[in-house]
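Here is the structure we will look at.
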Amino acid sequence: MSPATNFADRTHPDTICLFDVDGTLTPARLFISKEMEETLVELRKKCVIGFVGGSDLSKQVEQLGPNVLKNFDYCFSENGLTAYKLGEQLASQSFIGYLGEDRYKKLVNFVLRYIADMDIPVKRGTFIEFRNGMINISPIGRNCSHPERNEFEKFDLEHKLREKFVKALQNEFPDYGLTYSIGGQISFDVFPTGWDKTYCLRHIEHENFKTIHFFGDKTFKGGNDYEIYTHPLITGHAVASPLDTEKILKDLFF
């Protein structure tokens, strides 16, 4: 993809396009296509571009390629709690600093007990993934294979496992000030309220963009794109696949 250029050199320097990763720029947990890469190269000549995802940067590098910090103007990992502008890291936040060790330990103990009691067809490993700004909880475990991931998603759609898990956590920890956000196929994120994808907007507010487009696939209430998709400053685009994203971009900019 193209090297970074000055924002003022873009056709629409006061416009930014922000993208969710899974299901929007790439198929879930898979890699960006050559066609999408080429679309983004051309888009970057027209406006400022960035991605915002719940995963940490290492997973985003796996999906979007090793030059991700050069290929996007803004890279928002963990909803922008870890953030980069033109390859330079911005200020970051910590989940453990917010919650404290004692409360965090109670939360983890409850989660592990709950998963131990779940009756699901397959369990693998990495049921809780600790990230800088959040934790990610997966009943099947993040180490499952791609076919197992697809099977769990179908099972979850039928039995609402993640939805019930979230309700149990809300009931158990009403005073923790946490938000639970279902995203992807097998897991949900837990983070301090306000640290959803709208958090990334703090990093760009001083740029005074006139138009902020956001593209995401989990834009329903409870999905991890919902808060930013419905934010008053955002022009939201709900997509069902990366092909949808490309089509809308072509309609808007090409």
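Yeah, the Cβs are placed from backbone N, Cα and C, and that goes for glycine too.
Copied over from TrEMBL:
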type     : residues                                      : note
BINDING  : ASP20, ASP22, ASP217, TYR229                  : Mg(2+) binding site
ACT_SITE : ASP20                                         : active site, nucleophile
ACT_SITE : ASP22                                         : active site, proton donor/acceptor
BINDING  : ARG29, ARG131, ARG142, ARG149, SER187, ASP189 : alpha-D-mannose 1-phosphate binding site
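For ARG131 (alpha-D-mannose 1-phosphate binding site), the count of additional Cβ atoms within 10 Å of its Cβ stands at 20 [all protein chains shown]. Apart from ASP20, ASP22, ASP217, TYR229, the residues listed for Mg(2+), the same chain places the Cβ atoms of PHE19, VAL21, GLY23, THR24, GLY183, PHE215, GLY216, LYS218, THR219, GLY223, ASN224, ASP225, VAL239 within 8 Å of the centroid of those Cβ atoms.
Every protein chain considered, the tally of other Cβ atoms within 10 Å of the Cβ of TYR229 (Mg(2+) binding site) stands at 23. When each of the binding-site residues ASP20, ASP217 is scored by how many other Cβ atoms sit within 10 Å of its Cβ, ASP217 comes out lowest.
Taking the C-alpha atom of ASP217 (Mg(2+) binding site) as reference, the shortest distance to any of the binding-site residues ARG131, ARG142, ARG149 belongs to ARG149.
The binding-site residues shown are ASP20, ASP22, TYR229; of these, the one with its CA atom nearest the CA of ARG29 (alpha-D-mannose 1-phosphate binding site) is ASP22. Of all the Cβ atoms in the protein chains shown, 19 others lie within 10 Å of the Cβ of ARG142 (alpha-D-mannose 1-phosphate binding site).
The Cβ of ARG149 (alpha-D-mannose 1-phosphate binding site) has ALA28, ARG29, ILE140, GLN185, ILE186 as same-chain neighbours under 8 Å, each 6 or more residues away in sequence.
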